[in-house]
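Per TrEMBL, the features are:
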TRANSMEM  B:6-24  transmembrane segment
TRANSMEM  B:31-51  transmembrane segment
DOMAIN    B:70-120  domain 'NADH-Ubiquinone oxidoreductase (complex I) chain 5 N-terminal'
TRANSMEM  B:87-107  transmembrane segment
DOMAIN    B:136-429  domain 'NADH:quinone oxidoreductase/Mrp antiporter transmembrane'
TRANSMEM  B:143-162  transmembrane segment
TRANSMEM  B:174-195  transmembrane segment
TRANSMEM  B:207-229  transmembrane segment
TRANSMEM  B:250-270  transmembrane segment
TRANSMEM  B:282-303  transmembrane segment
TRANSMEM  B:310-332  transmembrane segment
TRANSMEM  B:338-359  transmembrane segment
TRANSMEM  B:474-495  transmembrane segment
TRANSMEM  B:633-653  transmembrane segment
Amino acid sequence: MVPVSYYLILAAILFTIGMASFLVKRNVISVFMSIELMLNAVNLTFVAFSHMWHQVSGQIFVFFVMVVAAAEAAVGLAIIIALFRARQTLSIDQVDLMKN
Amino acid sequence: MNPNLLWYIPLLPFLGFLLNGTIGRKFPRPLVVAVALFFTAIPAGIVAYLWTVLKAAGAPLAISVVSKPWIAVSGFTVNFAFTVDHLTLLMLSIITGVGFLIHLYSAGYMAHEEGFWRFFAYLNLFMFFMLVLVLSANFLLLFVGWEGVGLASYLLIGFYFTKDSAANAGKKAFVVNRIGDLGLLIAMFLLIANFHTLNFDGVFAQIAANPTISTCLLTAIGFMLLLGATGKSAQIPLYVWLPDAMEGPTPVSALIHAATMVTAGIYMMARCHVILDRAPSVMITIAIIGAVTALMAATIGLVQHDIKRVLAYSTVSQLGYMVLACGVGAYTAGVFHLMTHAFFKALLFLAAGSVIHAVGGEQDMRKMGGLRSKIPVTFWTMTIGVFTIAGAPLLAAFFSKDEILYQAFISPSPVGKLVWLIGVITAGLTSFYMFRLWFKTFFGAPRFEEATDAHHGHHDAHAGHGIHVHESPLVMTLPLMILAVLSALSGFLGVPEAFGGHDEFGHFLAPVLSSGEAEHAASAASPILLASVSVAMFAVGLLVAWQMYYRKPGTGAALAAKLKPVYSLLDHKYWVDEIYGTVIVAPLAMISRFGFGAVESGVVQGVPTAGAGITRGVGAIARRMQSGNIRSYAGWLALGAAVILFLAIFTQVPVR
């Protein structure tokens, strides 16, 4: 049986990769993907702990996270399309209109 | 009778004030007058009714009405309480009676003025506060009225508020009165601290019942009361506001000078005679202040050219007589003179207003003259007023002024003879300057054709094309005639026994002002002899004025040129205003400038500015965090999370 710490280390690595790419990527779609990556890293920890404690609540929480992520992806993509139509760019450095 | 009737006496004028003051602007003028007169006449009617009650009830009169407590803190209570005794009843009659006549006169005098409704609202407000002042059964309510007449006088003196001099005169009256009010306030604090009550009855009963109360305390209270009285009744050193109060419309001068405000100090001193009688040094001070004020104001009055200013200084002078009377313990004589003065000074002011009205707003006597036949009613009524104040035998002031001088002469006060002498000299001066006014205004050749654009706030249709002299309408002359009769005859109320009278006035007030005059009976001085001295002074004043301003009209100017320094001193009113300006106003202005420079712009404006600067600085830092760059937000978020994790793992801080 694989110890739970392995899962946690994998999740931490995935989360860090997601966060790092979130911080450095300029393309909105890449940023979105890195958010999904972080969410999945969290999901992985949920599932690992759920298995370890023999509790179903962690698994259920994963469903919620996935639902939210799906909804977010739908809304986010719609925003991205609207944004691209308006500005002809997907670089987030050029769309900081709400500054100040 | 139902004592609750007393509430209506002041409240009705207040209602009139509310009506005219709020919606009066929309009223047609006759309605404004009707409202003002109605709400003044009804209290006068109630006062008349009180007289009938008094007649029916016999001598002991004390009607009071008390409300629920106004202030009640740990054993100290003040009520809204009115009380009527003989002194109050007399004051009420003067205020409502003369006040009504002045209202009536104003209806004619102010007919062409802007702010008609405002004027009548203020007049009613004045009546309200003055009535509260005299009806009050305790010091606090008296103080309310005391402050209230100060407010109303400020509004009335500054009635022509677009004119600088009027606005300044209003301010001056207000500020100078505040100084006196401080005295009254301190006196009240001392009373609370030592007697635990402010009711007149309570305080006076405690003082009367306890002969061991320290003279020191009573002296302190007495001096503070005196300070209050000098402010309100225009005595040295606080008299300077009263002559300036001439800037108000003439009926206001009559109201303030004659019937109401300036008499408040005399009334208060008479009311508090129990305290003053026990403080001999205060009494001496009062007598001297009164005498010196009388003399000084009379000398200034000698050289004034403005007809109203002569009357103003004569008011200060006459008030000096009343204060003098209080100072020698002759309160009854003081109040008697207060009453006759209310009649003849109201008469004089209203008549002067009629003269001013007649010559199109001109107030300078050098531009009058020869008005005798042109405005006969004004001339004859004013003549009665002039002869009365000058002390012509058998007219009112002859009795009241002589009573004061007689009481001063025979009083046991150490300064009695001195103040008598000053009073007699003042009587001569009074006679002189009043006849000077009379001769200059009504006799000789007319000097007013060249007066063209004199306004003095009186917007008359005739100004600008020479002057069409005209007699005033009946609504103005009727009050003059009534007041002339009162001036001439009211003296007979107080004819002393020595002249075959019964001194009804003295007997009437005896229950209230009993003390102070008992021991005078044994004096050897002959009242007849003293009275003849006064008559001589009257005659001398009349003759000198006749010689200088009627027979040889140039004499006055020649004499002024010959006695240049003296004339200049009087003309500049002893430079008192200038001295005040240098000693008090200039240093205060300097302190204010310092305050404005260092304190106002340094501290008062500096502290908020510095606060704003700090906030802005912090904001400038915080603003950089709000870059709008989503990755920097995420970075801050990650950094924050890292810090919290670090704290949770490596320190003892519980993170929950």
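Placed from the backbone N, Cα and C atoms, the Cβ positions cover glycine too.
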Ranked first among B:87-107, B:143-162, B:207-229, B:310-332 for CB pairs under 8 angstroms with the transmembrane segment (B:174-195): B:207-229
Outside the transmembrane segment (B:6-24), six or more residues from its ends: residues with CB under 8 Å to it: 32, 35-36, 38-40, 42-43, 46-47, 63-65, 82, 84, 92, 96, 117-118, 120-122, 124-125, 127-129, 131-132, 135
The domain 'NADH-Ubiquinone oxidoreductase (complex I) chain 5 N-terminal' (B:70-120) - residue tally per DSSP class, helix then strand then coil: 29 helix, 13 strand, 9 coil
Mean of the pLDDT scores, which run from 0 to 100, over the domain 'NADH-Ubiquinone oxidoreductase (complex I) chain 5 N-terminal' (B:70-120): 86
